[in-house]
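**Q** Before I ask anything, let me first share the structure, which is written out below as structure tokens.
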Amino acid sequence: MHPVDKKSLALKIYEATGYQFRDLDLLLEALTHPSLSYKSAANYERLEFLGDAVLSMTVSEMLYRLFPDDDEGCLTRKRTALVRGSEVVEIARSIGLGELILMSGGERTCGGSDNPGTLENALEALIGAMYMDGGPEAYRSFIHKHWLARAQHMSYTPPQDPKTALQEWVQGRGWAMPLYKLVSKSGPEHKPVFAVEVSIQEHGNVLGTGSSKKLAEQEAAKLMLKKITELP
């Protein structure tokens, strides 16, 4: 990996997001793809974990204020629709994030800079980095800029996604909450296959696969719903 001009990278991110990073090492971590991971170099996966939670929390608060008459189920479905992968990817593409992600030459040649999973992960990592670098005002400004209009135009309640439907199903029957476990990740970096197992106490487990961990969880939830609703 060639040395990275951190100041130039920070300027490009400022132009794309409106946020000026102070900790350039944190920014570098947020934009580093796992294909460049070494023992001495961090990638965006930990910050992605944080950013996913920050995005969900901020959008939840946004919806709570925008729709005072919605019940929990409606708010949950709206939040799921707003933070799903396709929405995050669309926003990542709109700010040109793909070209700023640091990855191996082979990964870029295989289309890694426009890979939906990579774009989703990197944008969530960037939001996590904003949180760590500048606190609430840093990430809220960015999230509101890109998600508020989308939320305001949600005049309907989206249909339930499988994970939400499964959760509400088991809660309504007093069952233990579903547990999701990543079983494996296979395939090349530019086209990974994730396998996730969902289990419900006394009702066994079901395996789902997908091109991202989130999609695999949704597939597993869908299959589990089918299994338990067919019980006598």
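Note: Cβ is positioned from N, Cα and C throughout, glycine not excepted.
The feature active site is assigned by Swiss-Prot to Asp52, Glu124, with sequence analysis given as support. If you look up Swiss-Prot, you'll see Glu48, Asn121, Glu124 marked as Mg(2+) binding site, on the strength of sequence analysis. Per Swiss-Prot, the feature domain 'RNase III' maps to 10-135. The domain 'DRBM' annotation in Swiss-Prot covers 161-230.
How buried are the listed features, and what sits near them?
**A** DSSP assigns Asp52 (active site) to a helix in the three-state reduction. Of all the Cβ atoms in the protein chains shown, 19 others lie within 10 Å of the Cβ of Asp52 (active site).
Neighbour density for Glu124 (active site): within 10 A of its CB lie 26 other CB atoms from the protein chains shown.
DSSP gives Glu124 (active site) a helix state.
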**Q** Quick check on the binding-site residues Glu48, Asn121: which one has the highest count of other Cβ atoms within 10 Å of its Cβ?
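**A** It comes out as Asn121.
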**Q** I need the CA-to-CA distance for Asp52 (active site) versus Glu124 (active site), whole Å please.
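**A** Per the Cα atoms, Asp52 (active site) and Glu124 (active site) stand 5 Å apart.
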**Q** List the Cα distance (Å, whole number) between Glu48 (Mg(2+) binding site) and Glu124 (active site).
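**A** On Cα coordinates alone, these residues lie 5 Å apart.
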